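Look at TrEMBL and you will find 20-41, 48-68, 88-108, 140-164, 184-210, 222-250 tagged as transmembrane segment.
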Amino acid sequence: MSSVSIAGLPGIPLQSLIDVFLQIFFVTLRMGAFLISSPFFGSRMVPLQVRIVFSVVLGLFVAAQVELPEISVLTSFLVIPLLLQELAIGLCAGLTLTIIFASVGLAGEKIAATSGLSFAIQVDPSGGGQSPVLSQMLTLFLLVIFFALNGHMLVLAIMINSYTLAPIGEPLVYQIMIQTGIDAAGLMFAFAASIMLPIVAVLFIINLAIGIITKSAPQLNLFSFGFPITILSVFVLLVFSVTPIAWAFADLLEDIVSILNTLTEGMGNG
C-alpha cells in the first residue's frame, strides 16, 4: 500500500501544485480588485466569503483562456510591479463604476434637501454610513435596472476581455486611467444634474408659489401649510418620473459600457 509523502500527491509533485496555485492566484488579482471596488459586488451586503469565492471562480475561468505568466517571474522580485499593475487595472475599473453609480445618490441627496426630506435618513447597508432614504431608493432602482438589462454580465465580459486587450505583464498606458477617472466624474455630475434639475425646478416654482400665498395670507402658517405640500409634490413628481428615470438609467448603462471599453482598449495600446 503506497503512502502519500509531503512532497506531493501520488503522481503530482507538490512544487507543481504550488506553481499552478501561484499562476491562478495572480490571474485572480485583477478580477478580485474589480469586485472589491465596484458597487454592489464590493458592498457590505455581499459577504466577504462570497466575494472571495466568486473571484476565484472567475479566475479559474479566465486562467483556462489566457496565457498564464511564467512561474520564474512569479517567484522573483519582478512580480511586484506586475502585481501592482494587475491591482491598478481592477481598482481603476471598479472605482470608475462606483463613481458613476454615485451620481444617483448625489441626485437623491439634492432632491431630498430641496423637498425637506433630508431629515429622513437611515444607515446605508452598502456603505455603512448614513444617507437620505430617497438616495437609497434611487440607488436600488438603478441596481434593479442594471441587473434587469444584464449590466453585470456586460461589465464582467469587459473585464474578462481585458485580459486579451491588456495581457498580463504587457506595458500599459496609465494616462488612460487618469482620463477615465475624469470622464467618470464628469458623467457623474452631468447625470446627477439631469435627474435632479427637473424635479428641483418644479419644487422651486412650488416653493415660490407657497411663499407668495403665505405673504398675501399671513394667517396661513408656512410650517403647517408649506411643508406638507412640498413633500406631497415631490412624491407625485417621483411617481410620474419613474419611466423617464428608468430610461435614463438604461442610457447610463450604455455610457458605463462605453467608458469601460475605452479604458480596457486604451490600456492595451502600450
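Residue numbers in this text run from 1 along the chain shown.
Just so it is clear, glycine is given a Cβ too, placed from its N, Cα and C backbone atoms.
Please treat TrEMBL annotations as automatic predictions, because they have not gone through curation.
The shown structure was predicted, so the numbers you read here are calculated from the model rather than taken from an experiment.
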Non-local residues, at least 6 beyond the ends, that sit with Cβ under 8 Å of the transmembrane segment (48-68): 23-28, 31-32, 35-36, 41-42, 156, 160, 163-164, 167-168
Beyond the flanks of the transmembrane segment (20-41) by at least 6 residues, Cβ under 8 Å: 51-52, 54-56, 58-60, 62-63, 66, 68-69, 71, 74-75, 79, 82-83, 86-87, 89-91, 93-95, 97-98, 101, 126, 143, 152, 155, 159, 162-163, 168
Beyond the flanks of the transmembrane segment (222-250) by at least 6 residues, Cβ under 8 Å: 104, 111, 114-117, 138, 141-142, 145-146, 149, 191, 194-195, 198-199, 202-203, 206-207, 210-211, 213-214
